[in-house]
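Novice: Dropping the structure in here first, questions after.
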Amino acid sequence: MGTVSRRRIAVFGAGAWGTALAQAFSASHEVVLWGRDRGQLEEIARIHENTRYLRGVRLRDTLAVEADFARAAAQAELHLVVTPLAGLRTTVRELRRLAPGRALLWACKGFEAGTGKLPHEIVAEECGAGSASGVLTGPSFAAEVARGLPAAIALAAHDADFARHWVGVLHQPRLRIYANTDLVGCEVGGAVKNVMAIAAGVSDGMGFGLNARAALITRGLAEIARLARALGARGETLMGLAGMGDLILTCTGDLSRNRRVGLALAEGKGLADILRQLGHVAEGVSTAREVVGLARRHGVEMPICEAIDALLHHGLDARGAVERLLARDPRAE
Ligand SMILES: NC(=O)C1=CN([C@@H]2O[C@H](COP(=O)(O)OP(=O)(O)OC[C@H]3O[C@@H](n4cnc5c(N)ncnc54)[C@H](O)[C@@H]3O)[C@@H](O)[C@H]2O)C=CC1
Ligand SMILES: O=C(CO)COP(=O)(O)O
């Protein structure tokens, strides 16, 4: 791949992942980071660190911050939305109103609370079905990417030319980006692995051991693939970065916030306290509810997600959730 010209990129959302991606892309592009907390942006400009969401990472001097949303939007040819999923709809709506016609990527993972919609469906509703847009997703802990450790992720878009073009612009040796056209598969993989990571945290927290965790990951992948196929995904996508890759990372890595939610649930802590102490979004918590609803509507069996939804939202305790899974009848693999 030859040298690419510097592009103007605006990143919306200054949490852990938005800050990490802004840091990574500012190595070769002009990046401006917008966040809703003006004080936090001032701190980044002053000491080049996001102490609230990405403590200990020295950010590049050339990484600019902008508190004015409209100005950040107007300056850039690529908009990259990295708010929690709950902020995606209003953010892209405002982007389209203030600075239409720019390329759009998002990195949020999950199903919209209340509607069960995937991110690309939200974007299609707000920006039109044929908009120049796609998702960045895959196994990538913010703390590692921000430090320049190697990672590989997918950029998926319906339009193969769009995906190839932005892969060419954004790919770098330490953040390898693979083009994909299966938006549904990539987004379902990224969403449901967060629920599985909560399950893995519960299993590990209860001391069930490595065999149990391997079983959970494997059967979890089968669940994810079933739902993804029912929603129109290609099966092989779930064997790639956005499926198996992200599932393994989040179920086994203690940097995962979703996994940490599971570990704390296994200790008997209450969900509200866990989320308060976490201080970051754990998308699996709201995703679990939406996955269960979608699975029922599409007639897909998802026992692990059902058990985690019951644990998170319907008063079942961790032991009860595990017993429910272990008591299932035998079946063919
Ligand atoms: N942290 C990670 O390693 C990765 C996170 N992601 C995904 O990226 C998304 C964002 O995650 P993080 O940055 O880690 O979350 P975070 O909890 O670290 O930060 C969230 C940020 O978004 C802001 N925010 C919340 N609601 C907002 C809204 N409506 N509009 C604008 N800003 C809003 C918060 O003030 C905060 O700055 C999530 O969907 C997550 O699943 C994806 C890959 C890796
Ligand atoms: O999506 C992630 C890594 O790919 C981050 O996972 P958590 O949100 O569980 O920390």
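Every residue gets a Cβ built from N, Cα and C, even glycine.
Quick paste from TrEMBL:
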- 9-162: domain 'Glycerol-3-phosphate dehydrogenase NAD-dependent N-terminal' (DOMAIN)
- GLY13, ALA14, GLY15, ALA16, TRP17, GLY18, ALA142, ARG257: NAD(+) binding site (BINDING)
- TRP17, ARG36, TYR53, LYS109, ALA142, ARG257, VAL281, GLU283: NADPH binding site (BINDING)
- LYS109, ARG257, ASN258: substrate binding site (BINDING)
- LYS109, GLY138, SER140, LYS193, ASP246, SER256, ARG257, ASN258: sn-glycerol 3-phosphate binding site (BINDING)
- 182-322: domain 'Glycerol-3-phosphate dehydrogenase NAD-dependent C-terminal' (DOMAIN)
- LYS193: active site, proton acceptor (ACT_SITE)
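Could you give the neighbours, burial and distances for every feature on this list?
Specialist: Over the domain 'Glycerol-3-phosphate dehydrogenase NAD-dependent N-terminal' (9-162), the average per-residue pLDDT in this prediction is 97.
According to DSSP, ALA16 (NAD(+) binding site) is assigned to a helical segment.
A C-beta separation below 8 Å, combined with a sequence spacing of at least six in one chain, links GLU283 (NADPH binding site) to PRO84, LEU85, CYS108, LYS109, GLY110, ALA191, ASN194, ASN258. GLU283 (NADPH binding site) falls outside any helix or strand according to DSSP and counts as coil.
Summarising the environment of ASP246 (sn-glycerol 3-phosphate binding site), the number of other Cβ atoms within 10 Å of its Cβ, over all protein chains shown, is 29.
DSSP assigns LYS193 (sn-glycerol 3-phosphate binding site) to a helical segment in the three-state reduction.
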Novice: With DSSP as the reference, give the number of residues of the domain 'Glycerol-3-phosphate dehydrogenase NAD-dependent C-terminal' (182-322) in helix, strand and coil.
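Specialist: Across the domain 'Glycerol-3-phosphate dehydrogenase NAD-dependent C-terminal' (182-322), the residues distribute as 110 helix, 0 strand, 31 coil.
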Novice: Taking a cut-off of under 6 Å between Cβ and any atom of ligand 1, tell me which of the binding-site residues TYR53, ALA142, ASP246 pass.
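Specialist: Only TYR53, ALA142 meet the Cβ criterion.
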Novice: Measure from the Cα of GLY138 (sn-glycerol 3-phosphate binding site) to the Cα of every one of the binding-site residues ALA14, ALA16, TYR53, then give the nearest.
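Specialist: So, spelling it out, the nearest of the binding-site residues is ALA16.
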Novice: Nearest to LYS193 (sn-glycerol 3-phosphate binding site) by Cα, among GLY13, ARG36, TYR53, ALA142, ARG257 (binding-site residues)?
Specialist: ARG257
Novice: Looking at the binding-site residues GLY13, GLY15, ALA16, TRP17, ASP246, which ones sit with their CA no more than 10 Å from the CA of TYR53 (NADPH binding site)?
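Specialist: Within 10 Å Cα-Cα: GLY15, ALA16, TRP17.
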